[in-house]
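Over in TrEMBL, the protein carries these features:
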- C:13-78: domain 'MrpA C-terminal/MbhD' (DOMAIN)
- C:199-313: domain 'Na+/H+ antiporter MnhB subunit-related protein' (DOMAIN)
- C:6-25: transmembrane segment (TRANSMEM)
- C:32-49: transmembrane segment (TRANSMEM)
- C:55-77: transmembrane segment (TRANSMEM)
- C:89-110: transmembrane segment (TRANSMEM)
- C:160-177: transmembrane segment (TRANSMEM)
- C:198-218: transmembrane segment (TRANSMEM)
- C:224-243: transmembrane segment (TRANSMEM)
- C:255-279: transmembrane segment (TRANSMEM)
- C:291-314: transmembrane segment (TRANSMEM)
Amino acid sequence: MNAIELYLTLGIAVFLLSLHGLMTLYDPIRRLIAVNLMGAGTFLVMVSLARRSEVPDPVLHALVVTGLVVAISATAFALRLIIAGSKNDKTDSGGGNRKP
Amino acid sequence: MNFALLSLAIPLFCGLLLLLSGRALRTRTTGFIVIVSTVASLVAAWFALQEAAAAGADIMLNLGGWETGLAIRLRLSSLSALLLVFTALMHLLIGLYAGLSRDGIKRDYWALSCFLHGSLAALWLSADLFNLYITLELLGLTAVAMVALAGPKAYKPAANYLILSLAASLFYLLGVALLYGRYGELDVLLLAPRTQADVITRLALLLMTTGLMLKAALWPLHLWLPPAHASAPTAVSALLSGLVVKGPLFILWVLWSEVAPPTLAQQIGPVLAIAGMIALTAGGLSAMRSPHIKTLVAYSTVAQLGYALMALGLLLTWQLPQMHIALWLFVIAHGLAKASLFLAAGEMQSSLGTKRVDGLRGATQTVPVAMFAFAVAGGSLIGLPPSGGFLAKWVLLEPILSEPGNWPWAMGVLLGTLVSAAYIFRIVAISFDRAQINPLDINPDRVGHWLALLPALMVWGMALSGEWLIRLLAGGPV
Amino acid sequence: MTPELLPDLTLSLLLLIMAWGALYAPQRSDAMTLFIAFGVVVALIWARLDAPDLALAEAAIGAGLTGVLLMHAARALPDELHQDYRTASYWGALGFTVVASLMFLVHLLYDDSLFNAGLLDTESDLTPRLRTLADAAVPESGVEHPVTAVLLNFRAWDTLLELLVLLFALGGLRQLFPSGQSDDSATTASWPESMTLMSAWTRVLAPLLVVTGGYLLWRGSSAPGGAFQAGSLLAAAAVILRLTGLLPPLRWSSLWLRLSVVAGALFFLAVAAATAIWGDGWLTYPGAYSGLLIISIEIFATLSIAITLSLLVIGEQEDLRS
């Protein structure tokens, strides 16, 4: 086993672990974190594949940069959406939840 | 190719300029501009269709002028040109409704619908696996933004939709990464002759299929669709059900009919076909039980996508390329019919002031035009001749009926037809109940009702151009 | 196993622990903190795997933007309503994951084809053809750094669509603040006033971030760096300034704000259309000007990315709807 194999396996392991999280967790924030970890696992696979040759593959690096942009913008939007949704919940149920 | 690019660039430019203009334009003016640009895009798409049909083969464009393999390639086939026309037409019909019906729609709808149009056009034209990933993300984000247009009540389903859609894209992306690692190509057509049936390819295709099935709400990964589609504003529900779920379906088709090696495709074919059959029945049964009008229509999307999935599965099992005609006829017929169903359902909801199915009692008397639109569009979903739905089902049944051994598939189609007839007739029967009429809540909006009828009439008109459509999809001379 | 694998093994173990914690920590605030720490470990791994472009981007995002986003969420959200954060389908999902992992492990250990016949093979040359072509074409691309060449020339269409992704996310965020409805209860994201030390620090830190961002942009054509890294650093600077109250609210009603949000995508699309009409084809840059075109696209893109990302992180009613 060399480092590339290690990171390749690690990427798939992180992907599977967070997939399990996505399927079992209830809280939307945790689910969003799980999706982000799945993304990290995917990128880890891509970057370890890029490192197979002595000089890393610029194409895969460029693809990961693009993927990171997509991930951060979608995460930001999703997080704001979750927050807005839970605020709406609070006003709907008449503030039945614990007050901060 | 230039016409196709024009059809793609016009809505994108229009959306960007609308975003830039801020509040300088009134909402009505905005709607007018978008409708004009949609017409322009439709005309461009029509010329692209002529070009593709005349060429006889796929027209390829290497973006940036780089050599094949390095450049992202765009592909204009007669199918993608037809889908460009279909997308622009749907946007036009729904845009007319959104602009002219009394309820009106928020200003931001217009910019977002332009973006949706552009993302779909980019998806139909792309022939590069990673580029398809980005168009998928674009599609998912715009769709979620449009669901959120409905206001705070829609935020929860929208957030759930977004999280699942992101997870699905990552499944797809991991598959793309593995394919790139294995074959060193991202271009669909270059990858096609090189793929082999080995472990990595299997794993990659499996991952991509899971992601795409989740995105397209294909059974058994459909549970997110009904809440998201039912909570969106009416015009948006029509766009989501009629167009957005077809994007991932297109990629699924490209993946299995072109990229996957035939041996693997033959193995997955029956699985997909059976999933399609279950979707038809299970989605139909849920639609039959649903208490809310819009949820019923949303579940019917799950059921109808079963036909498309079945066509895809049988295409792969029997390696019959002409089955793709049935697949795409289903997509187009369902898109038009579903637009009509959602618009009619929305109009009836606001006129009668109820969201429940049993509130439709006496609807043939109170809202006759909208109810007629619902029934006509429903007729195409059932597959009554000579509607577009019938045409598609006919093309699907032809190869099934040619062999006696194919009877299970024929039974599946029959069962699906019965179930869709059941949920459509449930609505129609309630609406004829004149004993306890549910009175109108507000004066019905005549224009809105007639505009809801328009797509339904078009889907019945599809039968007139049936032969032309079939020849076009078969790739022959038109 | 060789001794030089030791740091990699440590990093991997650390990453797995962080991932586990970020998913299943009993307190949600702990989960968020661990998720931010996860980002830092990932940045280290990128550096270890010779991916400086990614390490820079990950550091800017993970340390700066995600942190603020999650802090905002922690303040705005009530505690978890369900003490039991697992869903009903827990055992089914667990079974599925265990089976999937086992199948994967079996392939890994017995079949061995996962690594040897497909992805990793020391015998044959596995250099992707796309990569070979890209390496050969870099001298004609107008920039020296291969990642930048791929992003802004060979696969420029991807990057154009990626700018649209940012824009669409912002378009979606705007829907959460319906116009004409002022939201008094909104928790405006800001640090408590007592943190004077922080605002003093910010006065030093922010200009430094801006300068670094500019440097990364300029450097992008010849070395790791570029529009996205620079844009996210600038966004982080804007967010910090905004949180300490040193930057006035950005207002959507200002034409300049809207212009800087759409500038990147609009300019890129205009270049694409112009090359299609007057040039050799959609996104085919004329050879002599390609370097110049790329750098101007990057400048506009950096501006758009910085503004859009900072709005996505801290944009409120007054920023997005006034």
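Cβ coordinates come from backbone N, Cα and C, glycine included.
The shown structure was predicted, so the numbers you read here are calculated from the model rather than taken from an experiment.
Panel annotation: around the transmembrane segment (C:224-243), residues 52-53, 56-57, 60-61, 64-65, 68, 145, 147-148, 151-152, 189-191, 202, 205-206, 209-210, 212-218, 249, 297-299, 301-310, 313-314 of the same chain, lying at least six beyond its termini, place a Cβ under 8 Å from a Cβ of the stretch. Only pairs six or more apart in sequence are counted, and the transmembrane segment (C:291-314) with the transmembrane segment (C:6-25) gives fewer than three Cβ pairs under 8 Å, not enough to call it a contact. Below 8 angstroms of C-beta separation, residues 56, 191, 225-227, 229-231, 233-234, 236-237, 240-241, 244-246, 298-299, 302, 306 of the same chain, each at least six residues beyond the ends of the transmembrane segment (C:198-218), sit close to that stretch. Regional average pLDDT for the domain 'Na+/H+ antiporter MnhB subunit-related protein' (C:199-313) in the model is 85. Within the domain 'Na+/H+ antiporter MnhB subunit-related protein' (C:199-313), the DSSP-based counts of helix, strand and coil residues read 88 helix, 0 strand, 27 coil. Counting residue by residue with DSSP, the domain 'MrpA C-terminal/MbhD' (C:13-78) contains 58 helix, 0 strand, 8 coil.
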